[in-house]
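Remarks on the structure that follows.
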Amino acid sequence: MRWKGLLEEYKEFLPVNEATPLLTLNEGNTPLIKLDKLSEEWGVELYVKTEGTNPTGSFKDRGMVMAVAKAKEAGNNTVICASTGNTSAAAAAYATRAGMRCIVVIPEGKIAMGKLAQAVMYGAEIISIEGNFDQALQMVRTISETEPVALVNSVNPYRLDGQKTAAFEVCDQLGGQAPDILAIPVGNAGNISAYWKGFKEYHEAKQTGLPKIHGFEAAGAAAIVHNRVFENPETIATAIRIGNPASWQLAVQAQKESNGIIDEVTDEEIIAAYRKIAATEGVFAEPGSCASIAGVYKHIQSGKIAKGSKIVAILTGNGLKDPNTAIDVSPIKPVLLPNDEEAVAEHIRGVVHI
Ligand code: F0G
């Protein structure tokens, strides 16, 4: 049967009423893929949920379809958000789809190329500040209190409602059961909070059980792990370059209630995971997403995840979002040859191993 998008498919779990526009770009229903080689190598049962297959290439579409629909329902003409890139792409796309305007505030020089290309193409009003995400978020929170614009960052509770649907899908894709461990990158901490909400609600409705939530911040932006604001967060994973997460308390609650852990992974660990899943499993996710895989590996090594565990790692964004980092970290470079069939054939004979 044709997938109708989140607002229709999960109506009974969402704040959807007769007045809510059934906005959609056919978001949700993303694949759950078993990583066979890594499962065997690491002695676990490891799956990834590829949220980069959503319409704008990240999990943000789940939250944005709900938040923009509710903003439209409330009579707003304009939405606003701060973003490290993915939120702005999703906000711009759904606002356009809903016939609304979109204003995005981004940190200058710190958003990946693909994300900027999206905001431009979807027709957003783009403001780039010489500051970081936390400062941009502070600005838009204040501005949305006085100006006639609807704030669609994850401090808007409709965002978490939309995003919690991914937890429903994980349970359904595993045959009606939650995994043992849910591993997830943490930036502004909205998504980890949304997943926990989703798992609890689905368990209530369908007795799916509850996972332990293992959240992973980048080590240069690990406010929750160290219980202090990072004034100057820094990481190669620009998506999660956030020093003062808005949903900090909700994330800690998810960790505590689920008997989980919030930990940090270094840029080196993130890049190793980023390269490994692409090169050994054919799954290309953006660096920030790969904090989940890096964290799973770290916790298997340290014994915080037991051998044999069933793990779902969330890959939050598509690898194509950030082509520059891919090119920078990959050892593979194109071989330049003359436009000559014999030269190409000769080269291929040298690289093909029979
Ligand atoms: N992964 C990706 C690819 C992201 O873009 C983000 C957040 C996260 C993980 C973390 O999710 O903030 O809910 O803890 N990106 C936001 C943005 C901040 O502006 O696109 P979170």
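All positions are counted from 1 along the displayed chain.
In case you wondered, yes, glycine gets a Cβ from its N, Cα and C as well.
Annotated features, as they stand in TrEMBL:
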type: DOMAIN; residues: 24-317; note: domain 'Tryptophan synthase beta chain-like PALP'
type: MOD_RES; residues: LYS60; note: N6-(pyridoxal phosphate)lysine
type: BINDING; residues: ASN86, GLY187, ASN188, ALA189, GLY190, ASN191, THR316; note: pyridoxal 5'-phosphate binding site
Other residues near the pyridoxal 5'-phosphate site, CB within 8 A of the CB centroid of ASN86, GLY187, ASN188, ALA189, GLY190, ASN191, THR316?
PHE59, SER154, PRO185, VAL186, ILE192, ALA239, ILE240, ILE242
How many whole Å apart are the CA atoms of GLY187 (pyridoxal 5'-phosphate binding site) and the residue listed as 'N6-(pyridoxal phosphate)lysine'?
13
In whole Å, note down how far the CA of the residue listed as 'N6-(pyridoxal phosphate)lysine' lies from the CA of ASN86 (pyridoxal 5'-phosphate binding site).
7
If I take every residue in the domain 'Tryptophan synthase beta chain-like PALP' (24-317) and average their pLDDT values, what number comes out?
98
Measuring Cα to Cα, how far is LYS60 (N6-(pyridoxal phosphate)lysine) from THR316 (pyridoxal 5'-phosphate binding site) in Å?
8
Packing count at GLY190 (pyridoxal 5'-phosphate binding site) (other Cβ atoms within 10 Å of its Cβ):
26
Which residues of the same chain, at least 6 positions away in sequence, have a Cβ lying under 8 Å from the Cβ of ASN188 (pyridoxal 5'-phosphate binding site)?
PHE133, LEU137, ASN153, SER154, ILE242, PRO245, ALA246, SER247
Would you count the other CB atoms within 10 A of the CB of the residue listed as 'N6-(pyridoxal phosphate)lysine', including those on all shown protein chains?
34
Look at the binding-site residues ASN86, ASN191, THR316 and tell me which residue has the greatest number of other C-beta atoms within 10 angstroms of its C-beta.
ASN86
